[in-house]
Each structure stands twice: as structure tokens, then as C-alpha cells.
Amino acid sequence: GQLPTWLQGILLRNGPGMHTIGDTKYNHWFDGLALLHSFTFKNGEVYYRSKYLRSDTYNCNIEANRIVVSEFGTMAYLDPCKNIFAKAFSYLSHTIPEFTDNCLINIMKTGDDFYATSETNFIRKINPQTLETLEKVDYSKYIAVNVATSHPHYDSAGNTLNMGTSIVDKGKTKYILFKIPPSVPEKEKKKSCFKHMEVVCSIPSRSLLHPSYYHSFGITENYIIFIEQPFRLDIVKMATAYIRGVNWASCLAYHKEEKTWFHFVDRKTKKEVSTKFYTDAMVIFHHINAFEQDGHVIFDIIAYTDNSLYDMFYLKNLTKDFEEKNKVASVPTCKRFVVPLQYDKDAEVGSNLVTLPSTATAVKEKDGSIYCQPEILCEGIELPRINYDYNGKKYNYVFATEVQWRPVPTKIVKFNIQTKEMLHWGEDHCWPSEPVFVPSPDAREEDDGVVLTCVVMSDPKEAPFLLVLDAKTFKELGRAKVDVEMHLDLHGMFIPENNLKTETE
């Protein structure tokens, strides 16, 4: 095929790539050692490169030729040859776990720099052109967070906004929104932008010892949206996991009888909206987008009725008949919540406060709290992406993978939220990854541009490839076949050529 001449830059992606070290194996697909790969677009040609992230975790494991650093689903145990004192010390030091820096989930931009990220307090700087691993950054040296999300947001001033959990800091467990500036003041040129990180606000956890798990959050022009779901981490279990011989994932539990709480933080005042908004129990990983309209905040998410998704990716379940065996118990459902932040305070109990045309409701309860029910937009899509120029604004299109009732994506879709129309791309034996939208330089409309996805083949005789689709029509423009075994990755980003530092810089 033919690529648009304006498509110049790097598609950089991240995901688990190595699951066996020596005689040891990870239990879970999400634990594998991070493998970065990139597709560089230059003058109509595509160049491929891949490289393991040389994290401390990678180096320790490779040197020992066994898994020696614990991951979320795999606890690494001591060398049986160690003496009793070393063992006792190890048990103690695992109580407050030294988390892994195996940053395998996503790529984050901060100023002109790029980082591989996961959900611990560590991120690793990388060179997007050579995929070389550079310095390790520990968020907890600058602000009190123990874990952080892999899905930050970027504001118009170039700041990176992210959320992390501060576990039992001064007897309080809280969720922290923090901001990393894109650059440092001229006179402090030698300092890193992390030294200028600031806590924007914090939201106290409803439970001291059971904070909510979350993978992403939402943002509009004036608000941050944080969903506190009843899928929670048990801190005491986590602190004793090593001694009990279980992994940290077993310390997460879903409480289906509980509520899901919505928190809205005003970005200007940094104060939380005082009204209590809630919905039924659900599990969410990915926010799609959010915006404001006539005193309401509207946000779209992919939600599940239980937490079975994580369990499917235990490697013992990833067998040959994986697709047949793992019909998803809970289908990913694209839900739209319409939350009236400004409403008539004298409204009657039991009345629906949503005044926009939508089937979503927000009903006033006796105690003044507001019970929200969503509008269902569609089912069976995951790994949603949008044209990021429309982040926090009213928008029309979601690009996603279609998973039907299975955990493995079989198609790429473009979903029109207004008309509910869906365009598909799919072929036999193809497992596409998260689609990334790249706007064309003279874009006038939201879907002017291309969609990029890496396609892994379930038939080992066929070569994997990078696929380029016209975002408007969803017709194939071209594909670049790669003569290597490509891994199924998780997330990534497109870096336009003008955002890449030249080697001299």
C-alpha cells in the first residue's frame, strides 16, 4: 500500500515480552519483562526495532537466571541456599515491598522526554529512537505515592497530570492527583522537572486499609473525575503476602454488594465537589473521554460487572483452546454517565436531575446523595483511544479493539457515539493491538487522520505487520510486514517527528 507523505515519526509501544527466565516462569501474562518496540515512519518507509527494557528487575533476573524480583501476579522467593538470617531479613523487607521497575504497560511524555511506565512508583526514561533504557525515576522521592497509574493526562500548558495512591501516610490512605511540569525554570536547568512536581489535590480513601484499585481517570476543562470502585486492595494482606506465600494479586478483592463512588475535583479551586454521587458496583480499567455540557459532567468508560478479566490472563489459562475456554463472564460495556453538578437544590427526592436528552439518570436520594445510572453506548470493545485533541471536549469517535466475548481482540473498530454506527477492520488469524489515532497536519474534522495498529498472527506461518487505516473510512492504506516474532503489546503512543530531539540535543 501507500502511506500518507505527512506520516513522519515513531509509533512506540510497550508490553510484556519475556515470561520464562532460566527454569522459572511468571504466573501471569501482565508480569512478563517489558519489551519495547517501535515503527519509525520516514519518507513513506517503515523501520522496525525492538528491545527489552533494561530495568533493574530485568538485570537482576537475567544475572541470576531466575525470577528474583516479585511482580503483581508472581511472588519471587529466596534462594533456598541462603542462611537463616538472610531469610528472616528478606521476610521483613518484603512487608513493605520494594516494587519492581519492570515498566511494561505504557509510554508517558514529560516535556521533551519519554518514559516507560507501569503501576508502581517507578518509571524508566527511554530514548524513543534507539529504545535505550536511561535513568530510573522514583515518584515517591518527590511526593508520597506508593503506586501510580499508567494513563496520565496532558493539559494545554504541557503539564503531565497523574494519580497515585498514598498508602497509610500519617495514618491516612488517600488518592493523590499530581502534576509534572514540562520544563524547569531557566536558572535551575540542571534540575529535573520531577523536583518541581506538585500535589494538585488529594481525595481521602473511604477505607484506611482497603484503597480502591484504578487504572485511569477522567478529565474535563474544569474537573478531574476519579472513580472509587469496590475493587480494592487489602493492605494487611499485601504486607503479609510474602510470608503467606501468595502473590499480591490475591490481595485484590471485588465487593459486589458495595457502591461505586464518583469524585469530581474542581481544577481551579482544587476542592472536591461536596455532593456524593454514586452508582452500582462495577470494575473499570479504561476511561474513554469526558466533557461538560449545561452544568453536567458527561463521562464515558468501559465497565465490567466483575473482576474476572485479570484472572483470564494467568498463563495457566492461556492454553491452545484459550479462546474457546475463556468466554468472558463479564462483557466490557461502554457506559455514559451524565452527572448534574449544578442542579436545583430544592428538587424533590426521587426526581431525575439530568436535564440533557439522555437515557442516563441521576436520582436524588433522601440523604442528599445522587444515584447515577448510565446510558449504554455499546458492548464488546476495549483499549479505547480518541483523537486526543478532543480530550475533555465533546467528541464523536472512539477507536478500539473489538473483543466480542473473549479477552483477545479480533478486530479494530471505529465507533460513532452519536449515531452508534460502527466500522470494523478484521481478518482471519489477526490479533490487532490498541489502535492509535494520528491526526493529519491540516485536519479539519475529528477523524481526519490515520489509525495505526500492530497485528500479531495466531497462525505462526504468517508474518505480523503494522496496519495503517484511513481513520475516516476505515479502509486499509497500507501494511508493513515484520519478519520477526512480534509480542502482543498493551499501550503506546505516536511521537511526531518534530517532537523528537535530534541526537545532538
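Including glycine, each Cβ sits where the backbone N, Cα and C put it.
Annotated in TrEMBL:
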BINDING   His151, His215, His286, His491  Fe cation binding site
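The Fe cation site is set by His151, His215, His286, His491; from the centre of their CB atoms, other residues of the chain with a CB within 8 Å are Ile105, Asn106, Thr149, Ser150, Ser216, Phe285, His287. Every protein chain considered, the tally of other Cβ atoms within 10 Å of the Cβ of His215 (Fe cation binding site) stands at 15. Counting only same-chain residues six or more apart in sequence, the Cβ atoms lying under 8 angstroms from the Cβ of His151 (Fe cation binding site) belong to Asn106, His215, Ser216, Phe217, His286, His287, His491. Neighbour density for His491 (Fe cation binding site): within 10 A of its CB lie 21 other CB atoms from the protein chains shown. For His286 (Fe cation binding site), the Cβ neighbour count at a 10 Å cut-off comes to 21, with all displayed protein chains included.
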